[in-house]
Amino acid sequence: MRTQSGHLQGCQREEVRKCSSVEVPWGQFRALSGEDHPTLSMTWKYFLEETEWHRKHSQVTYDLEISRCDLQCEVNNANHHTDLNGTDRLIVRRGQAFTITLHLHSGQFEPGVSTFSLVVETGPCANESSKTKAEFVLSESPVENSWSVVASDHDEYSLSLSISSPPNACIGRYSLSFKQNRSVPLGDFILLFNPWCPGDSVYMNDEDSLSEYVLAQDGLIFRGTHKSIIPAAWNFGQFEPGILDACLRLLDENPKFLNNADRDCSKRCSPVYITRVVSAMINCNDDKGVLSGRWDNNYKDGVSPMSWNGSVEILRDWDTMSCKPVKYGQCWVFAAVGCTVLRCLGIPSRVITNYLSAHDTNSNLVIERYFDENLRLIPNKSKDMIWNFHCWVESWMTRLDLKSGFDGWQASDPTPQERSEGEYCCGPVPVRAIKEGELTLKYDAPFVFAEVNADEVCFIKRKDGTQQKMHFTAKVGEKISTKGVGSDKREDITHLYKYPEGSDEERKVFEKANHQNKLLQKDTEEGLNIKIKVSQEMKMGSDFDIFAVITNNTPMAKLCRLMFCARAACYNSVMGIECGSKDLLNVQLQPNEEKRIPLRVIYSKYCHAITDQNLIKLAALLIDYGTKDAILAMRDIYLENPPIKIKILGEPKANRKMAAEISLINPLSESLEDCTFCMEGANLTEGKIIREKISPVAPGQEAKVKVYFCPTKAGLRKLVVDFNSSRLRDVKGYRNVIIA
């Protein structure tokens with residue numbers, strides 16, 4: 001009852017306090033107050049007043065006791081385009097709100113009265129000054145460009161919260177906790193880049209491009225030669241189980257993190273920084289990187305780079321083997337794995353192939369090559385060379401660290417070639433900077449500029465020690481290629497890297513880049529000229545003709561020597577065993593006469609020389625006895641493998657077993673031993689490689705296998721196939737499969 005001062009006595013106050021946190025029926029209050037009390041109705045009035053006073057002044061009553069937290073993984077992951085990673089944990093993208101629900105054991109949320117804060121932390125040294133920790137109080141509306149929390153719904157037993165992260169938040173693993181007098185852990189989540197968010201520096205405003213460069217789990221990588229471009233399917237598999245964990249581990253194993261974790265984690269807000277870390281960590285040259293590179297055709301203690309069909313097994317092996325490098329990779333494997341990691345982290349990325357790609361080690365924009373008098377390449381101290389093709393990665397982002405005009409596609413290269421700021425990595429550098437000759441922009445612009453613009457100069461070294469520069473018309477940076485958006489067509493993007501040859505714009509770029517060799521160069525076919533022509537069809541196992549076409553564009557007769565040879569080659573232009581040659585000491589050419597000199601290339605000679613890349617380098621050297629001029633022509637040819645046929649049996653449906661029949665014809669004149677088909681596909685083969693061995697296949701006979709697998713997701717997928725045997729190695733094929 002009230003005292004004369006108008007307050008309930010202490011014992012009644014305590015009972016009222018207990019009742020004030022819930023709705024107390026009138027009858028229950030009568031029992032509390034005493035049925036015979038003469039001031040019962042007045043006491044009820046004072047009870048309501050006391051309850052209101054308590055609501056305003058007692059913090060204890062509205063402390064929320066949380067029984068459990070629902071991170072709503074299924075809904076949030078779907079809204080954030082991360083549901084392909086699964087829905088067993090929360091994976092969200094920065095700059096976009098996500099919702100969680102707190103289920104309450106006691107206490108009740110009161111809008112405008114209840115107050116609390118949330119705390120998010122990432123990294124082992126989380127702190128607010130590094131922006132790896134944030135504490136933010138409940139607010140009425142989201143706070144732009146900052147962590148914030150808003151109550152979106154509530155009832156007597158639960159409270160739903162909408163949490164927003166800034167679009168420049170650091171990516172990585174986060175812990176989330178609730179703070180109201182004490183801290184209560186709510187769970188963990190992963191935060192990724194968000195190319196769907198306009199405020200994120202990786203924002204891309206085209207849905208088709210986002211589907212291709214972020215969500216597509218398979219694609220095409222182009223190999224072969226610039227005259228014979230060969231597409232090969234690749235399973236990026238960035239959403240397969242275990243891949244996201246491997247990618248996050250890759251960030252935590254990089255030397256910058258190991259040296260200063262706080263500084264490294266604070267920089268994970270930048271896609272430029274992340275891309276540079278990934279470029280260094282895909283190779284293992286100076287860290288605990290993913291892949292070991294090898295180019296000598298000796299892969300007995302590992303896997304031939306040609307045998308890989310996807311990134312999934314590579315990243316899983318690296319992760320499960322305590323970060324020991326996987327053996328082996330070459331440029332397209334490095335680039336493809338790098339693309340997988342960047343897409344997984346949320347940065348739009350694609351694999352690029354540059355044909356006739358220069359490797360300039362001394363930054364003079366000139367590749368010097370020396371041959372002996374028998375057209376054998378002479379090793380020199382410089383590692384300069386022209387690769388038949390070279391692959392790297394492009395990633396889409398805004399370059400906040402550079403002057404305006406250089407946003408968009410940025411080139412980075414995980415293949416270990418040269419050191420950049422002390423480590424084996426390259427880029428990212430704006431593609432536009434390469435086109436405009438802006439070689440002072442970060443990172444590694446001179447090296448990438450040389451890859452598409454360097455000049456090749458060839459010399460012949462004679463037995464007497466003298467050397468002579470040969471007339472040689474070289475092409476560098478041809479048919480720069482990537483997979484088209486939403487199709488399997490090749491997209492030629494050479495125009496993004498270079499102005500048209502011979503244009504005024506090209507000359508201005510060369511002047512800006514101080515490319516003197518190109519500025520002084522003149523195209524001419526005056527005098528003697530030589531070209532190499534080939535047959536229309538050059539298939540593995542066949543014999544075929546190649547031709548040296550020589551022309552005398554002078555008014556005088558010429559007496560010349562012609563050396564014409566074919567050698568097995570690797571895609572980085574390293575030449576192997578000779579598989580055909582011709583040396584004509586007395587070639588007579590009348591004024592303005594053209595001659596075609598054939599050379600027969602026979603399978604019995606090249607079968608033991610050729611590598612699993614099916615490349616042969618042709619070289620023809622014409623020496624004018626009168627002037628001593630030497631004219632050189634070179635060309636790479638690719639021997640086409642037999643096609644792999646893939647027949648889908650039945651109607652493909654998600655979560656239902658299906659079959660495919662896979663076959664090829666042995667085109668060789670000898671039996672194939674040790675035959676194996678390997679198949680994989682994102683969301684098709686449960687993230688695994690299916691291997692099927694078959695018996696030997698006689699000449700002209702069919703190698704055939706039937707495989708079973710169970711798709712897990714609907715949509716367009718690629719079944720990627722590799723066939724390997726004793727003589728026919730790493731034959732590639734794929735089939736698009738629409739899963740209902």
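FYI, residue positions are counted from 1 along the chain as it appears here.
Using N, Cα and C of the backbone, Cβ positions are placed for all residues, glycine too.
Residues annotated as domain 'Transglutaminase-like' in TrEMBL: 323-416. Annotated active site per TrEMBL: Cys331, His390, Asp413, in sequence order. Feature annotation from TrEMBL assigns Ca(2+) binding site to Asn453, Asp455, Glu501, Glu506.
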C-alpha spacing of Glu501 (Ca(2+) binding site) relative to His390 (active site), in angstrom: 21
Set of same-chain residues at least 6 away whose C-beta sits under 8 angstroms from Glu506 (Ca(2+) binding site): Lys498, Tyr499, Pro500
Neighbourhood of Glu501 (Ca(2+) binding site), C-beta criterion under 8 angstroms, separation at least six: none
Recorded positions listed as Cys331, Asp455, least Cβ neighbours within 10 Å: Asp455
Packing count at Asn453 (Ca(2+) binding site) (other Cβ atoms within 10 Å of its Cβ): 23
Within the domain 'Transglutaminase-like' (323-416), residues counted as helix, strand or coil by DSSP: 15 helix, 41 strand, 38 coil
Under 8 Å by Cβ from Asp413 (active site), counting only residues of that chain that are 6 or more apart: Ser279, Phe334, Ala335, Trp392, Val393, Cys425, Cys426, Gly427, Val448
Cα distance (Å, whole number) from Cys331 (active site) to Asp455 (Ca(2+) binding site): 22
Integer Cα-Cα distance in angstrom, Asn453 (Ca(2+) binding site) to Cys331 (active site): 19
